[in-house]
Amino acid sequence: AGLGWALVFTPSLGTVGRYFPARRALATGLAMSGASVSGLALGPLVPLLLDTYGWRGALLLMAAVSFNLLVAGALLRPLDAPNESPAPARGQRGLWRLLRHGPFLRYALAFVLVDAGYYVPYVHGPARAREVGCDERRAGLVMAATAVADGSGRVVAGWLAARPAAPLLRHLFGWSALTGLALLLLPLGTSFGGLLALALAYGFCAGAVVPLQFTGVAEVVGAGRLLHAIGLMQMLESFGSLLGAPFAGWLRDLTGDFTASFLAAGAFLLAGSLLILTLPGFFRASRGDG
């Protein structure tokens, strides 16, 4: 399943970025908002399928839904994007050049740190809601609200970044820093209303980071190396994704609540956002539509 996800996600995201060079952030935000919609829909659907068909039947039905990606993939045609630089070296040579590309490595490291904190509220959010006295229904409502805010943030951030008033990397830094701050504030949500408000703020800011993260790759390495760079970056940042939630769980076991877990996750996000400041072009006054 993980291999299939990688084979779908990386080329489709890279293709969207190459199709719309002048509005790459907005196109990516709109495309990735679908993940939030499907996540919100699957929340109540999967338990229903499990109760009705068992886990084997539920997995078969989910596989049938996933097979529709074949049709979606057939629609991604290799069009020549306008104003694109000549194709770079491919294969091992292209990857080797990326591994020696200092700005790209700093960018990838930034999102290793970001991902170490990013998924903590999504993994431990229901447990945190129960910790502050919410029942299962209210805990589910908090997570559903987070998903809705996440999808909205993806579209809004893409729309704002499409305006050429400031470099895209500056938008990315701002949203990453706000996500880290929202995560630092999550321990203050000690009631259902407070937790819901903070979860909405976190979901919106976290969603805003997603399209800009992948659009920013083209700003760092150029559109011609976009597919290679997205794939390599995702491979590297998966280490942060893999370690962040278990580390937060270990802190919860050690301290007795999720306060230290969310504070550490927010610190990871802020550390990653600070690395974005070191990238070339961050302090450029303005940028063109392309």
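Cβ atoms are placed via backbone N, Cα and C, with glycine included.
Whatever TrEMBL says is automated annotation, not expert-curated.
Per TrEMBL, these features apply:
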type	residues	note
DOMAIN	1-284	domain 'Major facilitator superfamily (MFS) profile'
TRANSMEM	30-50	transmembrane segment
TRANSMEM	57-76	transmembrane segment
TRANSMEM	104-120	transmembrane segment
TRANSMEM	141-162	transmembrane segment
TRANSMEM	168-188	transmembrane segment
TRANSMEM	195-214	transmembrane segment
TRANSMEM	226-250	transmembrane segment
TRANSMEM	262-283	transmembrane segment
What residues elsewhere in the chain lie close to the transmembrane segment (195-214), defined as a C-beta under 8 angstroms and at least 6 residues from its ends? 13, 17, 25, 28-29, 31-32, 36, 111, 114, 118, 121, 125, 128-129, 132, 134, 141-143, 145-154, 156-158, 161, 168, 171-172, 175-176, 178-179, 182-183, 185-186, 188-189, 230
Do any residues of this chain, six or more beyond the ends of the transmembrane segment (226-250), have a C-beta under 8 angstroms from a C-beta of it, and if so which? 6, 9-11, 13-14, 17-18, 88, 90, 94-95, 98-99, 104, 107-109, 111-120, 123-124, 214, 217-218, 220, 258, 261-262, 264-265, 268
Test the contact criterion for the transmembrane segment (141-162) and the transmembrane segment (57-76): 3 or more CB pairs under 8 Å, pairs 6 or more apart in sequence, then answer yes or no. no
Would you kindly check 30-50, 104-120, 262-283 and say which stretch has the most C-beta pairs under 8 angstroms to the transmembrane segment (57-76)? 30-50
Mean per-residue pLDDT in the domain 'Major facilitator superfamily (MFS) profile' (1-284) works out to 88
